[in-house]
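As given in TrEMBL:
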BINDING   20-27, 88-92, 142-145  GTP binding site
COMPBIAS  516-525  compositional bias 'Basic and acidic residues'
DOMAIN    11-276  domain 'Tr-type G'
REGION    503-525  region 'Disordered'
Ligand code: G4P
């Protein structure tokens, strides 16, 4: 059977994210990957661009002050016939919700681990999100040019803490100042670290005399033993096991020295899955289908503070997208003509003339597109798996100037559409309740309302601790709502949400209303 153009294009794409604990080297690795893909030409450009971007918008000062990255962006580059779409994920734990959504749009993830620190809390959390979605993981043990833990110890740590088999693809020779390079276990090749990069040396095996020129006698003996042991005692790379999320290929290197990055990228190209079929309500959509479909996984508003612009990040699922094409916005039932789709490159954004399954396009809009929305040239589809999370922190929004209540509503709704916060309108009372997963989101919220909408607000403790979407048979839900009106609110889609004072109250309500479901997550409608 001949493959469709969309199926062929999909097979040449790798859409992935990098997950790591802050400081493990994600930014440095991103930069080196982009250099390798020719998307940037000088080291330092990713950071420099980050800083320029930050100065554009004051609210990002928060980001600067705390030294963290709170925005998600996409970077596309090509190498050896493969198009790589790298989706950046915010590293800070308060943004796990945003990160989760970004991870719904990737097919694989690179897990960067600091060789001296091993698995850190945020690595673990992000890994668990990947596991929920069975996203295959490729591991880079970074910073081998510094003092590091023993490689076997590190792999044991990964295996034990994450219940993930580790298949070493290369083996490090030395560490810190004595780090000499990596030995390619499967292809008998030594990659030597040099002052300004690397040198590939073909050898007959770890005993090859050539190696004595590049490492001490002791190091060569250790390499012989360890590489042998790694081959015999560690699991071998197995494609099925990797794709199912049970095994991770492990690379060692130094992003800072641009060392081991080529091997990693080759590994992504060779092993990471290309865009695959995507579940929707009712059927699974294949990337090779002729009709274009896609879903919104992120909305970013006010990227340019002078314009109230919004960019919806759409992951294409199937078909060949062409600029100017009309797609149905399934939630509203209306067609949207996409005249100015944006493709993201490291240094610039360009109009996308065409795009394929796995690609991310930015669609400028005035608030029509929301996270979770489906765009379809085909029938009325709805892609699944992009949930809202029940917030863990609830606050009441206090408005200093009551005349601005309409403005506030707009600001809150718009920020909710971006996924910065969730908003709940209590059945009784005029004050909105905002819900977030992490404290930092609240700071971002207040600063942005003030700077982008010129409204001064304060946040007060709400008498609620947790929120749950309620659903179930109509009569049971209605009965529950009627007897708990003072604790009921609606989300921005009008869905009923129960605000519980504490976990005891929630448990009590669950017991006394067995037919009502109290849900922690809600699929976006
Ligand atoms: P992140 O995005 O994961 O938070 O980490 P980032 O790349 O910003 O790296 C954090 C720090 O670790 C940076 O140092 C960076 O230079 C350093 N680093 C990254 N990869 C390596 C590596 O392979 N080896 C060594 N030795 N260091 C590495 P910094 O001093 O905090 O920042 P900077 O002044 O160097 O920019």
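The backbone N, Cα and C atoms fix where each Cβ goes, glycine too.
Recorded features from TrEMBL, shown on the structure.
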residue	record	Cβ neighbours (10 Å)
20	GTP binding site	24
23	GTP binding site	15
26	GTP binding site	23
89	GTP binding site	24
144	GTP binding site	28
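Looking at the domain 'Tr-type G' (11-276) alone, the prediction's average pLDDT is 85. For ligand 1, the binding-site residues lying close by, meaning a CB under 6 A from one of its atoms, are 20, 26; the full candidate list was 20, 26, 89, 144. In three-state terms derived from DSSP, residue 26 (GTP binding site) belongs to a helical segment. Under the three-state DSSP scheme, residue 89 (GTP binding site) falls in the coil class.
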